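Sequence annotations record features per position, and here Swiss-Prot assigns heme b b562 binding site to 83, 182 based on similarity to another entry. The heme b b566 binding site feature in Swiss-Prot is assigned to 97, 196; the stated evidence is similarity to another entry. According to Swiss-Prot, the ubiquinone binding site annotation covers 201. The transmembrane segment annotation in Swiss-Prot covers 33-53, 77-98, 113-133, 178-198, 226-246, 288-308, 320-340, 347-367.
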C-alpha cells in the first residue's frame, strides 16, 4: 500500500515540494533565506490581519486608530511593532537572498530569477503603501513625493498622478485605495512565490560550487527541514528581541506627528530599505532622469543572466568578481547612508559617484572580470 503523502492529491504536492524533494547535499546557510522569506510573509499577513481589524482608513481617524491600537487593544502595541519591524526583517532577508543569487550565479535559472524580481517590485509597492497608512507626517509627505514622481512621465504624467490620488492631492481617496491594495498585495505575493517555487523545482536548487549536483542529492526532509528550523529559531529570537527592546529604532520620529499638508518636514525620506534607491533618484538633477534611474536600479537585476560572461557559474573561485561583488555591497551601504542625508555638499557628490559605481560594476566591470578570469584561470 502506498503511503498517504505519496498518493493523496494534496499531500503529493506538499511531498514533492518539501519532503521528498531532491536537494544538493552541499547548500550552505545562504540557502535558508527562501524559507525565512516565507516566514516573514506569514508573520506580516497574520499581524496585518489583526491590525486591519482595528484600523480605519479615513484621513480624520487613521492616526487616532493606530494610537488606539497601541493603547487600548490587547497586545496591540506588540502586533503593531511586529508588523512595522517585520517589514525591515522582510527586506533584510530579501536583500541577502538576492545577494546570494548574484554571488552563486543562481540568476542563470532565468524564470525563477525574473519572477523573483517581480516579487521584489510587489514587496516594495506593498511596503510603500503600508508606510502611508498610519497617516503621520512622513506617511503623508512620503506619499506625496513618491507618487508625484510619476508626473515626470511625458504627456500622461499629471493625469496619472491625479488618477492615483483620486483627486488633486493626497487625501481620503488615496488613503482608502492604498489600504485596499496594501491588504490584497501580500496574497498576490504569496501566489507569485508559489510560481517562484514551481519554476525552482523544475530545475532544482543551485549550490555553492555552481556545478550540476544530480549525482549527489539528498531528500529535503529531514536534512533541510531541520536546517531551516535552526534559521527560523535564530531569526525569530533576534527579531523578537529587537521588537521588544528597540521597537522605534528604524522608524521616523516625524511619523508620531499627525499628517499636516500645511507643514513640510525638513527632510522627507523613506524607510531605510528604500534609501539606496532614493539616493540614486536624487543623484540625477533631472526629474525624469531620476525616475528612470530609480526604476533601472532594480530592473538592472534582470540583466544579470545576459551579462554573465564567466565560464564558471559561481563566484566561489573567481577572485576578481568576488572583489567587485563586495565593492557593490559596500557601495549599496554608502547609497543607503547618503539617502538618509540632506541634499547638500559633500553628500551630493558622494551620492553621484556611488550611483555611477553601482551601475558600472553591474553593467561593465563584472562582465569584463568574467572574461579576464576565463583567460587567467584557463577555464
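In case you wondered, yes, glycine gets a Cβ from its N, Cα and C as well.
Here residue 83 (heme b b562 binding site) is positioned 30 angstrom away from the residue listed as 'ubiquinone binding site', judged by their C-alpha atoms. Scored by C-beta pairs under 8 angstroms, the transmembrane segment (33-53) has its highest count with 77-98, from the stretches 77-98, 113-133, 226-246, 347-367. Among residues of the same chain six or more beyond the transmembrane segment (320-340), those with a C-beta under 8 A of the stretch's C-beta atoms are 99, 102-103, 269-270, 272, 274-280, 282, 310, 347, 350-351, 354-355, 357-358, 361-362, 365-366, 369-370, 372-373. Reported as a whole number, the C-alpha separation between residue 83 (heme b b562 binding site) and residue 97 (heme b b566 binding site) equals 21 Å. Residue 97 (heme b b566 binding site) sits 23 Å from residue 182 (heme b b562 binding site), taking the C-alpha atoms as the reference points. Non-local contacts of residue 196 (heme b b566 binding site) by the CB criterion (under 8 A, 6+ apart in sequence, same chain) comprise 112, 115, 116, 119.
For residue 182 (heme b b562 binding site), the same-chain residues 6+ apart in sequence whose C-beta sits under 8 angstroms from its C-beta are 48, 126, 129, 130, 133.
Reduced to three states, the DSSP call for residue 201 (ubiquinone binding site) is helix. When each of the binding-site residues 83, 97, 201 is scored by how many other Cβ atoms sit within 10 Å of its Cβ, 201 comes out lowest. Using a Cβ-Cβ cut-off under 8 Å and counting only residues 6 or more beyond its ends in the same chain, the transmembrane segment (226-246) has close neighbours at 29, 32-33, 35-36, 39, 78, 81-82, 85-86, 89, 93.
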